Amino acid sequence: MSKTHLTEQKFSDFALHPKVVEALEKKGFHNCTPIQALALPLTLAGRDVAGQAQTGTGKTMAFLTSTFHYLLSHPAIADRKVNQPRALIMAPTRELAVQIHADAEPLAQATGLKLGLAYGGDGYDKQLKVLESGVDILIGTTGRLIDYAKQNHINLCAIQVVVLDEADRMYDLGFIKDIRWLFRRMPPANQRLNMLFSATLSYRVRELAFEQMNNAEYIEVEPEQKTGHRIKEELFYPSNEEKMRLLQTLIEEEWPDRAIIFANTKHRCEEIWGHLAADGHRVGLLTGDVAQKKRLRILDEFTRGDLDILVATDVAARGLHIPAVTHVFNYDLPDDCEDYVHRIGRTGRAGASGHSISLACEEYALNLPAIETYIGHSIPVSKYNPDALMTDLPKPLRLTRPRTGNGPRRTGAPRNRRRSG
């Protein structure tokens, strides 16, 4: 973490359980991020929190620290049964649930609290086997949680802590009815600690907090600037015919260490992947119909640096903790202006700088005014020389080949095709 991203407040300054502090310091967490410094005094006092902060600001560790401390500092209810978790953390996507679980594991090892994971797609029996042995903290997506609850594999009557992560995304994906179903099976709001964290807190999310939380305190970090001052934004106006060649030229010029390219449809993502894989890039494809095990493998390869570029739909835009992303390319401007914020929030994280490049083509340029109104500023426009765009490009690969691209990354210098103007 960059020092500019941290406050002077230390975790050890709070009256946290010693095992929690020990686990944090062992992982190198000493100073709090702004959202952590705001949230912890409230949660340690037993107050509910609804927190808004840009992605990469430490929301996950804020609610995990609070959850582990609360469970260690408060006894479980009397006569708690083996199928009754003490804390429930709900996430909108499988990938985010897996990431939260990974972040929680060091705390679990240090404290002895048991973790469970529940998400759809695969691993039903494996997840169930863990639950049957009893867990303290259950992390999951709403569909699988409801499935287990209806079959009495889990019972929520002993819940002492509940967390909603990326609550606005829950609305986007239509999960609010599921969330309310789960809340109705928990103890009343005033008998548990409730936390809600998200990059955006819309009116409907605040309404949910009012319904399901106990007079929550609202906390915000940098609410006046939605896109983050560390992200350099840039906009091009290509024709549809030049759009792909412009993207490939920009990649050659920027030569990003780690980049995510967002497009609005699965078909468009597959097209982009085919062009880049054919050109020798180490590129992965992440769309909604990719099998869960493969999605997790691709994310792991990208995080490790075995892949340099990830082409994705917005399934990857929310909540995932992928470190050191240097560039985000909006091949398509998103239809939802909030998705623009979440997309470019993949870069410029944890105090680092980042670069966002958007292509406003003939098809999606009409989305730009709403995006600029939402973020509160115009995106700087850059020009390019059409005659300098790459032309010697190989025929794109088709998806009959492996999606993650197995060609070695080129080690030569980028082609000299600087844009003019």
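Start at 1 and count along the chain as shown; that gives each residue its number.
For all residues, glycine too, the Cβ spot is worked out from N, Cα and C.
The following features are taken from Swiss-Prot:
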type     : residues                                               : note
MOTIF    : 9-37                                                   : motif 'Q motif'
DOMAIN   : 40-219                                                 : domain 'Helicase ATP-binding'
BINDING  : ALA53, GLN54, THR55, GLY56, THR57, GLY58, LYS59, THR60 : ATP binding site
MOTIF    : 165-168                                                : motif 'DEAD box'
DOMAIN   : 245-390                                                : domain 'Helicase C-terminal'
REGION   : 392-421                                                : region 'Disordered'
COMPBIAS : 402-414                                                : compositional bias 'Low complexity'
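According to its DSSP assignment, THR60 (ATP binding site) is helical. Mean pLDDT, taken over the motif 'Q motif' (9-37), works out to 92 on the 0 to 100 scale. Residues in the motif 'DEAD box' (165-168) partition by DSSP class (helix H, G, I; strand E, B; coil) as 2 helix, 1 strand, 1 coil. Residues of the same chain lying 6 or more positions beyond the ends of the motif 'Q motif' (9-37) and with a Cβ under 8 Å from any Cβ of it are 1, 44, 51, 53, 57-59, 61-62, 65, 68-69, 72-73, 106-107, 109-111, 197, 219, 221-222. In the domain 'Helicase C-terminal' (245-390), the DSSP tally of helix, strand and coil residues is 61 helix, 23 strand, 62 coil. ALA53 (ATP binding site) carries neither a helix nor a strand DSSP state and counts as coil. The number of other CB atoms found within 10 A of the CB of THR57 (ATP binding site), across every protein chain shown, is 25. Cβ environment of LYS59 (ATP binding site): ILE35, GLY51, ALA53, ASP165, PHE197, SER198 lie under 8 Å away, each six or more residues apart in the same chain.
GLY56 (ATP binding site) is surrounded by 25 other CB atoms, counting those within 10 A of its CB over all protein chains shown. Close to GLY58 (ATP binding site) in the fold, though at least 6 residues off in sequence, lie CYS32, THR33, ILE35, GLN36, each with a CB less than 8 Å from its CB. Counting Cβ atoms from all protein chains shown, ALA53 (ATP binding site) has 25 others lying within 10 Å of its own Cβ.
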